[in-house]
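Quick one: this structure, given as structure tokens, is what I'll be asking you about.
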């Protein structure tokens, strides 16, 4: 529908997508105090349980999904309320700047700055400084991973207790991994849309999308360098049984690489971080869905973390698809798999 409206000149498909995904204001929650604030000029929404607590609570910084292009505080209101209520945690939902108006690294910088502000002012929210978790959904999972990597080397701030990555997108080198082919036409995220969103975030446009999908945007020597981390060889065989046809990358196009070379920066593609950074990361929770083009990004990062001695809790929804968590209690209905996934996150939080 968005493409049709764009072709008729009524509005851009991004504008239409934002309208559809905008969410709506909810009423008062009897169990939560909810406030809209600004952390270092970044809009946030803070959820605090009303019930008294014997000690300081855990704090969760939440980054919403939406391909860096869509999403808002309202879009994930029900998810954040649920996590705060059920885990009895303080949740801070961050409204980072969106692409294409604000290109990389705007969203990453907003998430990092909001997180640092929270950690430096943590006593105002009754949160234990040793129990702060970053959590993100889809593009928000990408941002959570990047923020976690940046803070891993900071000695002036409390160490993050954990990171929660919900079907995160973590690389833009290879859109031909098994999950990208198996689930290329599965809603809510098609293969071509994954590349479209990454390019919108990086450059503010989707030029060279076809070349990126085909793999001609990465030099052969760089592809070889990162093959130890981004390769179907690192994905368990059981995930390759569903119709995988390996494709040889097309010839490298230097002009395309010049426009997308920042895809090799870990703040944009956290899967490419060096081992020296990865081994410092906190305990991690990764949720993946079988019917999701981003499934293999999560599986590859799980292996990287485990190879570097990081404890990982992995929850895989065999009947899940991309975006299923964001559909919790959506228009009065929920997918059972999404509810299971959300409860697995709450259970992980309670274990910390």
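One is the number of the first residue shown, and numbering goes on along the chain from there.
Every residue gets a Cβ built from N, Cα and C, even glycine.
Keep in mind that this is a model prediction, so the values were computed, not measured.
Checked TrEMBL, it gives:
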DOMAIN    60-207  domain 'Alpha/beta hydrolase fold-3'
ACT_SITE  138  active site
DOMAIN    251-325  domain 'Alpha/beta hydrolase fold-3'
ACT_SITE  292  active site
ACT_SITE  322  active site
At the level of the C-alpha atoms, what whole-angstrom distance separates residue 138 (active site) and residue 322 (active site)?
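Distance (Cα to Cα, whole Å): 8 Å.
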Sort out the sequence-distant neighbours of residue 292 (active site) for me: same chain, 6+ apart, CB within less than 8 Å of its CB, listed by position.
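The answer is 167, 179, 183, 186, 189, 320, 321, 322.
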Summarise the domain 'Alpha/beta hydrolase fold-3' (251-325) as counts of helix, strand and coil residues per DSSP.
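Helix, strand, coil within the domain 'Alpha/beta hydrolase fold-3' (251-325): 32 helix, 19 strand, 24 coil.
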Let's see if you can do this one: DSSP helix, strand and coil counts over the domain 'Alpha/beta hydrolase fold-3' (60-207), in that order.
62 helix, 25 strand, 61 coil
Counting across all protein chains present, how many other Cβ atoms fall within 10 Å of the Cβ of residue 322 (active site)?
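Neighbour count, Cβ to Cβ under the 10 Å cut-off: 28.
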Average pLDDT across the domain 'Alpha/beta hydrolase fold-3' (251-325)?
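So the average pLDDT across the domain 'Alpha/beta hydrolase fold-3' (251-325) works out to 98.
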